[in-house]
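Here's the feature list from TrEMBL:
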type	residues	note
ACT_SITE	H216	active site, proton acceptor
ACT_SITE	S218	active site, nucleophile
BINDING	S186, R221, S226	Ca(2+) binding site
SIGNAL	1-18	signal peptide
Amino acid sequence: MRLILVLLGLAASSPALAQVRAVPAQPASEAEALRGVEVFLVNETAAPIADAGPRQIEVTAVDGTRLVLERAPGPTPTIAPGGFAKARYVPVGIAGTAIPPGAQHAAAKIPAEESVVQSSTGSSAAFLGRFEPHEPVYGVFGTGDAGGKLQVSFAFRPFAEDAPLKLGNLRFAYTQTMFWALREPSGPFRSTNYTPEVYADVPVDETTKVALGWRHDSNGRGALDSVDLNRLFGRVEKSFDLGGDWHLDVAPQAWFYVGKLGVAPDVKDYFGYTALTAAIRQKDGLKIAITGRGNFETRRGGAELFASYPLAPIGGGVGFYLFGQAFTGYGEALDDYRRNDTHARIGIALTR
């Protein structure tokens, strides 16, 4: 009898296992779970509790795959009575902790086979799982000499995530920005920026990434009027959870120039050696991002603002964003990098 009373006393003085309930969102597949699965930690008591959630949980994906998920590194939240906090879980082995023998769970692999799409132009194929968004893809238009501005951009992962020598962190990216002179009689594209990049995108933890690489910017002209920038850069991106599906992303960047600059040796005076990007965003909601760069010695530079909102809520399966873009300063177009301009445009975006 005394032993029973002792056990009851210990149970009364210890937190109950059901005080915080973990409710995971159901991923579509293991490949989707690699991006992270959101788990809601619900405090079912009348007192605040500091709890990071269970170390591992099991879920079944929509496609029927059984997944063992592991809590990603992060701070321990204090959950209000009757409230909840969100935690991020990834397939076991991705979060960086040891896996007990006999409980191995292989990480999802990017499909090795190509995806084939049949259309009116015939069949096309690609390794679609290797493509990622990079810079925003958009088309925006303004009044006066602002004209139109169109941009396409993508990143490509040539190696699988689990490739040897950390080659899974390697990225090739390409961005092309075109300036459309709509008020001219024939509506020509007056200028184009071409930007290939090769870099390593290395995750430090679930909220921090470091990138090191090479970037080339060119106006695509001939030897007499070519403006070219070759830069080796380093970038750190940190994401902060503000609650309510809001996040703040901050990404400082620094670089130095290598090789020739074409016919524009003074381009450093306008582009400088550093940049800072800050973005505040809500999942499935508003996103505002601003990037500033320049030369502190010459006090010349430029800043660009993006504002976007998904159009999906209007119905009809719309997959676009309402997109606004504004630029002020030097170097929006490489052809006119010495010109100080201010333009505002609005349109749609495919990625943001």
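Glycine is treated like the rest: Cβ placed from N, Cα and C.
From a predicted model like this one, the values you see are computed outputs, not experimental measurements.
In the displayed structure, how are the listed features positioned relative to their neighbours?
Less than 8 angstroms from the CB of H216 (active site, proton acceptor) sit Y194, T195, P196, E197, D228, L229, N230, R231, each of them six or more residues away in the same chain. DSSP gives H216 (active site, proton acceptor) a strand state.
Counting only residues at least six positions away in the same chain, no Cβ atom sits under 8 Å from the Cβ of S186 (Ca(2+) binding site).
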Could you measure between S218 (active site, nucleophile) and S226 (Ca(2+) binding site) for me? Cα positions, answer in whole angstrom.
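S226 (Ca(2+) binding site) has its Cα 7 Å from the Cα of S218 (active site, nucleophile).
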Would you mind listing, in sequence order, the residues at least six apart from S226 (Ca(2+) binding site) in the same chain with a Cβ closer than 8 Å to its Cβ?
S218, N219, G220, G262, V263
